[in-house]
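Q: Pulled from Swiss-Prot, these are the listed features:
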ACT_SITE  GLU174  active site
ACT_SITE  HIS250  active site
ACT_SITE  CYS368  active site, nucleophile
BINDING   19-28, ASN110, 137-138, ARG214, ASP252, ASN362  substrate binding site
Amino acid sequence: MKAVEANFDGLVGPTHNYSGLSVGNIASKNNKAGASNPKQAVKQGLEKMKALHDMGFVQGVLAPQERPDIATLRRLGFSGSDANVLQQSHQYSPQLLAACSSASSMWTANAATVSPSSDTADGKVHFTPANLINKFHRSIEDEVTGNILKATFADEKHFSHHEALPHSDYFGDEGAANHTRFCNEYGEQGVEFFVFGKSAFNDRYPAPKKYPARQTLEASEAIARTHGLRDKFTVFAQQNPDVIDQGVFHNDVIAVGNKNTLFCHQQAFLNQEQVKSDLSASYGSGFNVIEVPTDKVSLQDAVETYLFNSQLVTKSDGKTLIILPQHCRENPRVWAYLNELVEQKRGIDELHTFDLKQSMQNGGGPACLRLRVVLNEAEQQAVNQQTLMNDMLFSTLNAWADKHYRDRIEDKDLADPQLLLESRAALDELTQIMKLGSVYPFQR
């Protein structure tokens, strides 16, 4: 059955702010305490979604989390009315309030790991929400993420939903940001590629020294088992710990794959030649590796421009398009390399850039903003159709953002009870627009 690779992008939430919460993410740290513009951020994301829809791709929308997360703040000892909880947390632990107000769920590459039905033992699409235990502000997402995924992919005949892995450092899981899939055609058996930063139980694997490795081998293996993947078509590889220490906090900051092509930096993986050999052996003939040499694009340029945090997509005419942040065009070395790559006809045919400044300043490029879901025709019909981008949804969500979102948020605004009310009103209306039901705690 013919299949497509759909992209489900996360809507930026109403509390989008720059709190510098993500250790190891240089852009997040460098923009800490700056004023954010949630309305601009959500509209930049919507523009990207609409552009992909207009190019002929199946484009979906995933709802954001409820923030500030009052329930978590109450678990941490703050009490009284919601306004009192905000006031107390701002007074005694502003860092906690910032963490519980993060709009980081916009980066749906971390929402879950997804395996298509052509790869799984039971012939269903499998979803496992990421536990994201390495960062507190993201570790409180997985329950609601699961609710949103179940409301988006509700038909049990086609979709299987798992709980997040245990909330332990042994099973640190960052979702699809450390996972990609290679295939000849999307609806055929593919090779699922899991990249980890460390092993929890086996000290023969080196670990980074400066920044944390967020994904463990054990987590990746558990997801492969849970999804019923075939060993022959599953490859595990370790990310180079030295590049983690230089700001490559997820594999999707240093590599991206699509169909038969792996586009990666020369320093992306530990034992890189063996990784390429393992992938080629599992894939078979025709596997294409575009390895970017350090003397063409330095690691620093790769991280600063988010060259590899791009989307590789296949157009209906068979050509491969790479969707890049505007930062790549603005860097002469990176832009020269990309144009040279297209001229060489090595597997990337066209370049397209987007202005995603609000997301980029918090450390997330085009690939961070999307969760890839391969769907055959029957599965596409089984998806909640109100979550799929079209002209009407684009118009509706822009009007919704104009109605509910602020155009400026600073740290002090997170304690404003009115922001909580605005956020809940926005999400309540959103669940009606997208027919999600009661996915948020405040709706119960």
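Cβ coordinates come from backbone N, Cα and C, glycine included.
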Q: Could you give the Cα-Cα distance between ASP252 (substrate binding site) and CYS368 (active site, nucleophile), in whole Å?
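A: Checking the Cα atoms of ASP252 (substrate binding site) and CYS368 (active site, nucleophile) gives a distance of 8 Å.
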Q: Using the residue listed as 'active site, nucleophile' as the reference point, find which of the recorded positions SER19, ASN110, ARG138, GLU174, HIS250 has the shortest Cα-to-Cα distance to it.
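A: Out of the listed candidates, the nearest Cα belongs to ASN110.
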Q: For the C-alpha pair, I'd like the distance in angstrom between ASN110 (substrate binding site) and GLU174 (active site), rounded off.
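A: Distance between the two Cα atoms comes out at 5 Å.
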Q: Provide the three-state secondary structure of the residue listed as 'active site, nucleophile' computed with DSSP.
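A: Note: the residue listed as 'active site, nucleophile' is coil by DSSP, not helix or strand.
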Q: Among all the protein chains here, how many other CB atoms are within 10 A of the CB of HIS250 (active site)?
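A: Summing over all protein chains shown, HIS250 (active site) has 29 other Cβ atoms within 10 Å.
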Q: Whole-number Å only: compute the distance from the Cα of HIS250 (active site) to the Cα of SER19 (substrate binding site).
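A: Cα-Cα distance, HIS250 (active site) to SER19 (substrate binding site): 20 Å.
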Q: Which three-state DSSP class does ASN110 (substrate binding site) fall into?
A: helix
Q: May I ask for the distance between GLU174 (active site) and SER19 (substrate binding site), taken between their Cα atoms and rounded to an integer number of Å?
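A: Cα of GLU174 (active site) to Cα of SER19 (substrate binding site) measures 20 Å after rounding.
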Q: Count the Cβ atoms, other than its own, that fall within 10 Å of the Cβ of ARG138 (substrate binding site), considering every protein chain shown.
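A: A 10 Å sphere around the Cβ of ARG138 (substrate binding site) contains 25 other Cβ atoms.
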Q: SER19, ASN110: which of these binding-site residues has the highest Cβ count within 10 Å of its own Cβ?
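A: Going through SER19, ASN110 one by one, the largest Cβ count within 10 Å is at ASN110.
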Q: Please report the three-state DSSP label of ASP252 (substrate binding site).
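A: The residue in question, ASP252 (substrate binding site), is helix (DSSP, three-state).
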